Protein chains: 2
Amino acid sequence: MRSQTYNFCSGPATLPTAVLSKAQAELLDWQKMGVSIMEISHRSPEFTAVAKKAEQSLRQLMSIPDDYAVLFMQGGATQQFSGVPMNFFGLCEGKQAGYVDTGIWSRKALDEAGRYVDARLVASSKDSNYTRLPESWALDEKLAYVHYTPNETIGGVEFPHIPDVGDIPLIADMSSTILSRPIDVSKFALIYAGAQKNIGPAGLTLVIVRRDLLDATPHSALPPTMNYRLFDENDSMLNTPPTFGWYLAWLIFDWLIEAGGLTAMGEVNSRKSARLYNYLDASDVYHNPIHPEARSWMNVPFVLKDESRNAAFLKFAEEHGLLNLKGHRSVGGMRASLYNAMPEAGVDALIDVLTKFAES
Amino acid sequence: MRSQTYNFCSGPATLPTAVLSKAQAELLDWQKMGVSIMEISHRSPEFTAVAKKAEQSLRQLMSIPDDYAVLFMQGGATQQFSGVPMNFFGLCEGKQAGYVDTGIWSRKALDEAGRYVDARLVASSKDSNYTRLPESWALDEKLAYVHYTPNETIGGVEFPHIPDVGDIPLIADMSSTILSRPIDVSKFALIYAGAQKNIGPAGLTLVIVRRDLLDATPHSALPPTMNYRLFDENDSMLNTPPTFGWYLAWLIFDWLIEAGGLTAMGEVNSRKSARLYNYLDASDVYHNPIHPEARSWMNVPFVLKDESRNAAFLKFAEEHGLLNLKGHRSVGGMRASLYNAMPEAGVDALIDVLTKFAES
């Protein structure tokens, strides 16, 4: 059955079949130990070796500079909406935390930050109904950091390059764009990402942070399980981490390295999305509302010009093995998520089904 | 290989082979959907059905009254050390949070609570070097709640029954004792537990809380991802939950129901630990320091009277397929964890190896 489907879920998203097959083969007996990787202590030499290898593979893939800590945490990106301002509370004293608003997720991050620090909008594309990138940015020396969302998973809006904020520390929620192409980590103060798109299963959260920022005085009520410095000091094992997710992330990092790394993935992902956008733009039946300069490689929302046929389309797609194309409950329509584990053949199959349905 | 081992890890702990086999069989193609359970939206009808069934099975197993919420969270018990006082901040105004000290974990919970509320010790067994239960309890009407740790995973100390604290709300870190026997949930205000002992894989945390307590005013800095009320209102899907762990927990709950429920498990667990303690007590070679009334069914620490032979014993045990018997790094010696997934034959095998090593 699996070989007859393509899964366009926005997250928890499709994972590489090769990785799942390996995990399946060794699920009950890992490395001939007679136990599952899920059943050993996170402090055992066997698991700490996995943990280290995962970090090394990620550092290699993303060319993460040595002065950045890589943390494996829990709670999802949503927990980081609180974690960023709480950890950087001291940085924000007498200053402001700047947020760029490009849609639902960046807005949530702003609203949450305002509970802890003086948070303000520095740019917004709301005027365009979030179909473009923000035009004017209000940057000044009062900003302790600038937070933005490189890819809005729901809106399908993506920054094609890293915004220039000068010397202001730049923080990014990369949940749905991390590992999709090469990224210059040195341009960032902090990157965070929920795992359930390009990294692994839900329940693991990555934080990549420049170590000098760990000296910032945190909010007095910051829970230890959200404290970057404590996680760095304890190799992300302050308490029991989500070991199975960490192991799967390692397998995925190595799958990406074998596939040619992020340069190769970037080329594939660029091709995949371009092919779909080109088809949608040429169509009289379908429509993607996002301005070409802001279109996401990862999440392609689209609507039928005749919206009464949405349900019929989704049913037709499912009958052809194309799963989870329904748009987010807040916007409706359709959405095709094209993360790393979605092969080019999946996009071809989608275009084929779009064509057949248009003709029907 | 797996059939030739018994895994005594204290957590992440051994899981039922039947459950892992089922998860393995459907890892790439769940319910003939052509995708893994890990690869579907937590908001899909298919996953929300799993989520509901898991909760129903747990309610059935533990006879959880209807006025209790069951929450599936992240961050481990350690995050609840912060979460309890932060969520119950309003309850503690003008009052004190009481903590019972029976070892490392309960002490950590107390220390963390003191960061948010006026926390004080109400009982301690430190005088006995944590080999007994606390004798005198200082309870009064100033207490907003009493927190205790029914089972100390490292020390191997367990309360054989629920302490009587009158009308004071009772809170328990049940990480290593939940599901090991029938528990009268109605005696508790709140129960929390990291999954990685008797529930499932690391990365999932259970909270069972009496709903009227959700009206308490939380600490102003409580992150939403730790907020009990928000989790209750959102069916534990405030954000993406650890879906694979939740699914495995469901399989384990149903495995327990099939095995006869918690009455049956309690009988088996009582027998398992009694057999091991009886052997250790009769031995001249091994020793368990805990007073019989306080001995844990789940975690049995023991030492060789000749401690210089610890390493030799662990090697010998491993050669005989008995894994992860090393004691916690803070106390040394050995520890056999006998959670639900450890069959009685595993205890027999351990006693056999203890005997052989003693004779050697």
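Keep in mind that glycine also has a Cβ here, set from the backbone N, Cα and C atoms.
What TrEMBL says about a protein is an automatic prediction, not a curated fact.
Database features, via TrEMBL:
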DOMAIN    B:6-350  domain 'Aminotransferase class V'
BINDING   B:Ser10, B:Arg43  L-glutamate binding site
BINDING   B:Ala77, B:Thr78, B:Trp105, B:Thr153, B:Asp173, B:Gln196, B:Asn239, B:Thr240  pyridoxal 5'-phosphate binding site
MOD_RES   B:Lys197  N6-(pyridoxal phosphate)lysine
By Cα-Cα distance, the member of recorded positions B:Ser10, B:Arg43, B:Lys197 nearest B:Thr240 (pyridoxal 5'-phosphate binding site): B:Arg43
From recorded positions B:Ser10, B:Arg43, B:Lys197, the one whose Cα lies nearest B:Asn239 (pyridoxal 5'-phosphate binding site): B:Arg43
Binding-site residues near the residue listed as 'N6-(pyridoxal phosphate)lysine', in sequence order, restricted to B:Arg43, B:Ala77, B:Thr78, B:Asp173 and a 10 Å Cα cut-off: none
Which of B:Arg43, B:Lys197, all recorded positions, has a Cβ with the fewest other Cβ atoms inside 10 Å: B:Arg43
Number of other Cβ atoms within 10 Å of the Cβ of B:Asn239 (pyridoxal 5'-phosphate binding site) across all protein chains: 21
Recorded positions satisfying Cβ distance under 8 Å to any chain A Cβ, from B:Trp105, B:Thr153, B:Asp173, B:Lys197: none
Conformational class of B:Asp173 (pyridoxal 5'-phosphate binding site) under the three-state DSSP mapping: strand
Cβ atoms near B:Trp105 (pyridoxal 5'-phosphate binding site) (within 10 Å, other residues, all chains): 21
Close in space, distant in sequence - B:Ser10 (L-glutamate binding site), Cβ under 8 Å, 6 or more apart: B:Thr153, B:Ile154, B:Ser176, B:Lys197, B:Asn299, B:Asn324, B:His328, B:Arg335, B:Ser337
